[in-house]
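As written in TrEMBL, here are the features:
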- 131-436: domain 'SAM-dependent MTase RsmB/NOP-type' (DOMAIN)
- 232, 233, 234, 235, 236, 237, 238, 256, 289, 307: S-adenosyl-L-methionine binding site (BINDING)
- 357: active site, nucleophile (ACT_SITE)
């Protein structure tokens, strides 16, 4: 199975980025599958004695999960390069016999189940009239989005089997109750993919974060005493990672133009992070007052992260994408505006990292080519660790520059790679620049 695009124009535009049809097909196939590694970021300093205690607590929590569900323990290890990245090896796909009672969940709920979640009541769309708490059920994700809330008959449209579980609620409690439904509706005892449930594990010291997102901050390589700008900060994972690495000796300015997203970030706030609701494309002003509030004077920041808004086509698992061609084409415009502003705000000798969680050439390699062509004071440089692959062969970058970027391409799961955890990720792109003195 490959991703279904509602717009054929989007499919054709994306295909143009890839010179090899087999590569493109494999990529679209693997994007429908969940990664076989769950990645967590440990929010602590290196060599902290509390780290071992924290790892023991995580291992104990995972053992309680596997014991309760009669599963083998998960293999857990620290990434050999990203020392605050904890990898947990998932399992699947499993061959599971379906049962008669069928539960239909919405697509986002089904995708969450593939990554280790149980089914929450709010995600259940259809259930048989005979459903009672304690029943063993087969759970399907609605791929078409046509299942109406409260459906009782067998759903005949496209659906994806995600596993079996035990109902914690009856049909009448689900659809006839006057109260807002919350909590677990189906405990997934036999999912197609076994992965740890993270809901009870995430604390101030543990964050759920994809491996390339962690690698992105390592590419930025923040140092103590620096003033660092995160131009598109929400939801805040990379912001807090940067703040943790520089400790109290430095400052992170986190901008996002969405007031709602910045409000949600307030729970992550540390004393070395300042958050502002602001459009980062307008963050540069020659007559700025020199305060920490935006906009800012030219050459204010030592390092800048541009984790830009993007089409997010690298996210996994994904079975259906409804993005339209005009939406797809809008992202490179805003990305270039952000990069132009970042160049003005960066100090001479300063470092800038550009990243996206998408797979299009226009949003990745073409942004790098355009920035280099229009800003001679900027050069593309190598990242400290090369975990991703090279740029797409169809792009305009030189052979040397192609090797400097990191393109995380999960389609290379089909190749022999001993470090599978560096490949079995979401689709992602990282490029690192330095401003000449």
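Using the three backbone atoms N, Cα and C, a Cβ is placed for every residue, glycine included.
Listed in sequence order, the residues of the same chain lying 6 or more apart from residue 234 (S-adenosyl-L-methionine binding site) and placing their CB within less than 8 Å of its CB are 256, 258, 261, 262, 264, 265. Rounded to a whole number, the C-alpha distance linking residue 289 (S-adenosyl-L-methionine binding site) with the residue listed as 'active site, nucleophile' is 35 angstrom. The two recorded residues, residue 236 (S-adenosyl-L-methionine binding site) and residue 357 (active site, nucleophile), have Cα atoms 15 Å apart. Mean pLDDT, taken over the domain 'SAM-dependent MTase RsmB/NOP-type' (131-436), works out to 94 on the 0 to 100 scale.
Cα of residue 232 (S-adenosyl-L-methionine binding site) to Cα of the residue listed as 'active site, nucleophile': a distance of 13 Å.
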